[in-house]
Amino acid sequence: MTSNDNDGMPTFSGDEKNGHGDEHSTFRICCIGAGYVGGPTCAIIASKCPHIKVTVVDVSADRIAAWNSDHLPLFEPGLEDIIKTIRNRNLFFSTDTKKAIQEADLIFISVNTPTKSYGFGNGRAPDLRYVEEAARQIAHTATSNKIVVEKSTVPVNAAESIKTILKTNKQPGVCYQVLSNPEFLAEGSAICDLLAPDRVLIGGDESIDGSLAIKKLSWVYEHWVPKERILTTNTWSSELSKLVANAFLAQRISSINTISAVCEATGASVSEVAKAVGLDSRIGSKFLNASVGFGGSCFQKDVYNLIYLAESLKLEPVAQYWLQVIKINDWQRERFAHMIVQNLFGSVSGKKIAILGFAFKKDTADTRESSSIYVCRYLLAEGASLHIYDPKVSMQRIFLDLSEQTGKSEAELRNHVRIATDAYEAAKESHALVICTEWDEFKKLDYPLIYSTMKKPSFIFDGRIILDHDQLISLGFNVFCIGQKPPINKYLNQSPR
Ligand code: UDX
Ligand code: ADP
């Protein structure tokens, strides 16, 4: 890379033929932010590009220590094996941000971008302070030209903000190209998603320097992603596409969840409807599983991002349209909690309820925006005593989340919440079993045993439609499920076994 500093952006020359120069020369990547996006993404890049040195840095020394230990800071199927093979070979985890920035050719910004919880745009607008801080760190530290890539989910126009910060704070003679390269991985399947992505999206400036920077990042992905799957666009399209992809996925879930309510009130089954509808190749079968509501760090945040953008552009009908996706999700969570209270004879006060699953989906320990938290909050407000079990989420995390949601201290919560070490312990002497996360192990539990230890009548509320309801009914359970009319009342069949 060489500099031709007209507007603070570089001219990348010397490797015009292929955009990357000598493949075996040492190309260095720095990733700022060792979270759910930065960690797995860099692990795959390092494993597929052995000659590229990848350093992932984070402000949290604890997080970096965990990445360097046998207990990774996050659970992702397949990740641990990959990390073990390449850690300290060409993948490094460090707190030395300065060094990693200085030696890098390309820098990913993968920091957290939560929804603002204060001031203007409270609860709607994205909080870009971590992105801004990362950009400032780069500008103050870098002494040579860099390609800076926004990887975190950011609002449209964030690349412009990053550019401005870099340009106005840069060291003399240093040039930057800023690209947008949104990540589409889903937690729990991150490794598969990264290894075989539907597409890799790269947005950049429509200039010679911009296209050279795009070429360079494409070259990294071309080590394992077929070229035709690498899509290049202008920066705005790339940033907006990420928001739209997540908004469309969230919208599908809210759509099927509205139908689940119709099914419960009629004789239809939401699973049958979803199957029949999804077989239409124009609609497709994915993301049509009705549930207790979508969670995770992205969907709600990105839909709010889109709403905020529409509001800022004075496109009120657009904002209102997308707001419904969130409202239906909130309603679904509340509706499910209400279904539980109503069917437990109108009161759960003092009743023991077993909550199975606290993560926002299976195969992750992540609880951000998990519907389970909301269901627990509603039940606690009704005076229930909760016994929570999740295969991966820690006790500390559960209390932190519930404290945040209810405003109660851990000590206060401990009067009403216990964390169980398995599903059987949670279910023992409970009135009801509530499935909030679709963990595979919940499908294989010994339900006759569970039934024998529960209070009678025994209830199961399946918020994920994963259990064999006919079998459970034959055991004597009263089964209530999202998207299905409740079966015949079985109370009369139930006597303690
Ligand atoms: C999502 C996007 O899928 C991914 O492309 C993006 O990069 C990040 O956001 P993630 O949040 O990790 O990924 O998980 P995802 O599998 O999309 O599930 C999100 C939520 O929707 C979960 O709570 C899940 O249980 C729920 N869901 C998903 C449903 O309720 N029904 C479905 O049919 C699918
Ligand atoms: P995501 O799901 O988007 O990956 P996470 O919250 O899991 O988000 O990870 C973001 C990480 O970025 C956190 O570990 C946080 O400590 C880190 N981080 C935030 N700001 C900076 C910064 N300026 N420098 C280094 N790391 C940062």
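Yeah, the Cβs are placed from backbone N, Cα and C, and that goes for glycine too.
Look at TrEMBL and you will find 1-20 tagged as region 'Disordered'. According to TrEMBL, the NAD(+) binding site annotation covers 33-38, D58, R63, 111-115, 152-153, E187, 298-301, R368. Taken from TrEMBL, the feature active site, nucleophile applies to C298. Residues or ranges marked as domain 'UDP-glucose/GDP-mannose dehydrogenase C-terminal' in TrEMBL: 354-469.
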Rounded distance in angstrom between the Cα atoms of N112 (NAD(+) binding site) and C298 (active site, nucleophile): 11
Residue among the binding-site residues N112, T115 whose Cβ has the most other Cβ atoms within 10 Å: T115
C298 (active site, nucleophile) and G33 (NAD(+) binding site), Cα-Cα, nearest whole angstrom: 16
In sequence order, those recorded positions of G33, D58, T115, E187, C298 whose CB lies under 6 Å from ligand 2: G33, D58
Average model confidence [pLDDT] within the domain 'UDP-glucose/GDP-mannose dehydrogenase C-terminal' (354-469): 97
Spatial separation of the residue listed as 'active site, nucleophile' from T115 (NAD(+) binding site) - C-alpha basis, Å: 10
Annotated binding-site residues G33, Y36, N112, Q300, filtered by Cβ under 6 Å to ligand 1: none
DSSP residue counts for the domain 'UDP-glucose/GDP-mannose dehydrogenase C-terminal' (354-469), split into helix, strand and coil: 43 helix, 19 strand, 54 coil
Tertiary neighbours of Q300 (NAD(+) binding site) (same chain, Cβ under 8 Å, six or more apart): T115, A250, F294, I326, N329, E369
Length of the line joining the Cα atoms of E187 (NAD(+) binding site) and the residue listed as 'active site, nucleophile', in Å: 10
